[in-house]
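Each remark here refers to the structure printed beneath this line.
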Ligand code: DHK
(Lines of atoms letter the chains of each structure in order from A; the text may use other names.)
(Lines give C-alpha, C1' and ligand atoms only; values in the text may rest on other atoms or scores of the structure.)
Protein backbone atom coordinates (compact mmCIF):
# COMPACT_ATOMS: atom_id res chain seq x y z
CA UNK A 1 0.00 0.00 0.00
CA UNK A 2 1.14 3.55 -0.75
CA UNK A 3 3.11 5.30 2.02
CA UNK A 4 1.70 8.66 1.00
CA UNK A 5 -0.39 10.18 3.81
CA UNK A 6 -2.73 13.16 3.55
CA UNK A 7 -2.92 15.35 6.66
CA UNK A 8 -6.12 17.37 6.34
CA UNK A 9 -7.25 20.25 8.52
CA UNK A 10 -10.69 21.80 8.55
CA UNK A 11 -12.16 25.21 9.35
CA UNK A 12 -10.44 27.71 11.64
CA UNK A 13 -7.30 25.62 11.99
CA UNK A 14 -5.51 28.25 9.89
CA UNK A 15 -5.82 30.37 13.06
CA UNK A 16 -4.02 27.82 15.21
CA UNK A 17 -1.74 29.59 17.71
CA UNK A 18 -3.91 32.72 17.61
CA UNK A 19 -7.45 31.59 18.43
CA UNK A 20 -8.29 30.41 21.95
CA UNK A 21 -4.68 29.44 22.81
CA UNK A 22 -5.87 28.25 26.23
CA UNK A 23 -7.70 25.47 24.34
CA UNK A 24 -5.65 24.91 21.18
CA UNK A 25 -2.18 26.00 22.34
CA UNK A 26 0.32 28.46 20.88
CA UNK A 27 1.80 26.37 18.08
CA UNK A 28 0.78 27.47 14.60
CA UNK A 29 -0.36 25.24 11.76
CA UNK A 30 3.02 25.87 10.11
CA UNK A 31 4.66 24.45 13.26
CA UNK A 32 2.38 21.40 13.03
CA UNK A 33 3.27 20.94 9.36
CA UNK A 34 7.00 21.11 10.18
CA UNK A 35 6.56 18.52 12.98
CA UNK A 36 4.59 16.26 10.63
CA UNK A 37 7.19 16.51 7.86
CA UNK A 38 9.94 15.57 10.32
CA UNK A 39 7.94 12.64 11.72
CA UNK A 40 6.98 11.44 8.23
CA UNK A 41 10.60 11.42 7.08
CA UNK A 42 11.59 9.36 10.14
CA UNK A 43 8.71 6.93 9.52
CA UNK A 44 9.34 6.56 5.79
CA UNK A 45 6.07 8.27 4.87
CA UNK A 46 5.42 10.90 2.20
CA UNK A 47 3.13 13.74 3.19
CA UNK A 48 0.57 16.10 1.70
CA UNK A 49 -0.52 18.69 4.27
CA UNK A 50 -3.61 20.83 3.62
CA UNK A 51 -6.04 23.14 5.42
CA UNK A 52 -9.33 24.58 4.21
CA UNK A 53 -12.31 26.38 5.64
CA UNK A 54 -14.46 24.86 2.85
CA UNK A 55 -16.09 21.45 3.20
CA UNK A 56 -15.89 20.66 -0.53
CA UNK A 57 -12.12 21.19 -0.61
CA UNK A 58 -11.64 18.64 2.18
CA UNK A 59 -13.88 16.23 0.26
CA UNK A 60 -11.90 16.79 -2.96
CA UNK A 61 -8.62 16.02 -1.13
CA UNK A 62 -10.15 12.82 0.28
CA UNK A 63 -11.16 11.83 -3.26
CA UNK A 64 -7.61 12.58 -4.46
CA UNK A 65 -6.23 10.44 -1.61
CA UNK A 66 -8.37 7.51 -2.85
CA UNK A 67 -6.23 7.32 -5.96
CA UNK A 68 -2.82 7.83 -4.39
CA UNK A 69 -2.58 7.51 -0.60
CA UNK A 70 -2.38 4.77 2.02
CA UNK A 71 -3.58 6.94 4.89
CA UNK A 72 -5.44 10.05 5.94
CA UNK A 73 -4.94 11.94 9.20
CA UNK A 74 -7.82 14.36 9.52
CA UNK A 75 -8.79 17.09 11.94
CA UNK A 76 -12.09 18.15 10.41
CA UNK A 77 -12.58 20.99 12.94
CA UNK A 78 -16.26 21.68 13.51
CA UNK A 79 -17.19 19.58 10.44
CA UNK A 80 -16.45 16.61 12.72
CA UNK A 81 -19.78 17.18 14.40
CA UNK A 82 -21.89 18.03 11.36
CA UNK A 83 -20.59 16.59 8.10
CA UNK A 84 -22.13 13.43 6.73
CA UNK A 85 -20.53 14.42 3.40
CA UNK A 86 -17.02 14.10 4.86
CA UNK A 87 -17.99 10.76 6.44
CA UNK A 88 -19.27 9.55 3.06
CA UNK A 89 -16.02 10.62 1.36
CA UNK A 90 -13.94 8.81 4.02
CA UNK A 91 -16.11 5.71 3.59
CA UNK A 92 -15.04 5.71 -0.07
CA UNK A 93 -11.35 5.61 0.97
CA UNK A 94 -9.79 2.18 1.53
CA UNK A 95 -6.67 3.13 3.51
CA UNK A 96 -6.02 3.98 7.16
CA UNK A 97 -7.96 6.91 8.66
CA UNK A 98 -6.97 8.55 11.95
CA UNK A 99 -9.10 11.37 13.36
CA UNK A 100 -7.30 14.06 15.36
CA UNK A 101 -8.60 16.68 17.77
CA UNK A 102 -6.13 18.96 19.47
CA UNK A 103 -8.44 19.49 22.43
CA UNK A 104 -10.16 16.80 24.46
CA UNK A 105 -13.57 17.20 22.84
CA UNK A 106 -15.15 14.94 25.46
CA UNK A 107 -14.30 17.45 28.18
CA UNK A 108 -16.00 20.25 26.25
CA UNK A 109 -19.55 21.16 25.17
CA UNK A 110 -21.90 18.28 24.51
CA UNK A 111 -22.25 19.12 20.80
CA UNK A 112 -18.54 18.28 20.40
CA UNK A 113 -19.02 14.76 21.80
CA UNK A 114 -20.65 13.51 18.59
CA UNK A 115 -18.33 12.75 15.67
CA UNK A 116 -19.56 11.51 12.29
CA UNK A 117 -15.94 10.90 11.28
CA UNK A 118 -15.46 8.44 14.16
CA UNK A 119 -17.89 6.09 12.39
CA UNK A 120 -15.09 5.55 9.84
CA UNK A 121 -11.88 6.33 11.71
CA UNK A 122 -9.54 3.46 12.57
CA UNK A 123 -8.38 5.49 15.57
CA UNK A 124 -9.05 8.80 17.30
CA UNK A 125 -6.59 11.15 19.02
CA UNK A 126 -8.17 13.77 21.28
CA UNK A 127 -6.60 16.02 23.88
CA UNK A 128 -2.96 15.37 22.99
CA UNK A 129 -2.49 18.92 21.76
CA UNK A 130 -0.72 19.31 18.44
CA UNK A 131 1.40 16.25 19.36
CA UNK A 132 -1.67 14.24 18.36
CA UNK A 133 -0.76 14.70 14.69
CA UNK A 134 2.66 13.06 14.95
CA UNK A 135 1.25 10.31 17.17
CA UNK A 136 -1.40 9.72 14.50
CA UNK A 137 1.33 9.46 11.83
CA UNK A 138 3.11 6.85 13.97
CA UNK A 139 -0.10 4.82 14.05
CA UNK A 140 -0.62 5.14 10.29
CA UNK A 141 2.94 3.94 9.69
CA UNK A 142 2.42 0.95 12.02
CA UNK A 143 -0.84 -0.05 10.33
CA UNK A 144 0.71 0.32 6.85
CA UNK A 145 3.68 -1.82 7.96
CA UNK A 146 1.21 -4.51 9.06
CA UNK A 147 -0.48 -4.45 5.65
CA UNK A 148 2.75 -5.18 3.73
C1 LIG B 1 -11.08 21.81 16.46
C2 LIG B 1 -12.17 22.58 16.22
O3 LIG B 1 -12.10 23.63 15.42
C4 LIG B 1 -13.45 22.32 16.90
O5 LIG B 1 -14.57 22.70 16.12
C6 LIG B 1 -13.59 20.88 17.34
C7 LIG B 1 -11.15 20.54 17.23
C8 LIG B 1 -12.36 20.44 18.11
C9 LIG B 1 -9.83 20.26 17.94
O10 LIG B 1 -9.81 20.05 19.14
O11 LIG B 1 -8.82 20.21 17.24
O12 LIG B 1 -14.75 20.73 18.12
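A Cβ is built for glycine as well, from the same backbone N, Cα and C atoms used for every other residue.
Caution: TrEMBL annotation is automatic and unverified by curators.
For the substrate site that TrEMBL gives as 75, 88, 102, 103, 112, the extra residue drawn from 63, 81 is 81.
Checking each of the recorded positions 19, 24, 101 against residue 112 (substrate binding site) by C-alpha distance, the shortest gap belongs to 101. Just so you know, of the binding-site residues 75, 103, the Cβ with the fewest other Cβ atoms around it within 10 Å is the one at 103. Put plainly, the recorded positions 19, 81, 101, 112 were compared by Cβ crowding within 10 Å, and the winner is 101.
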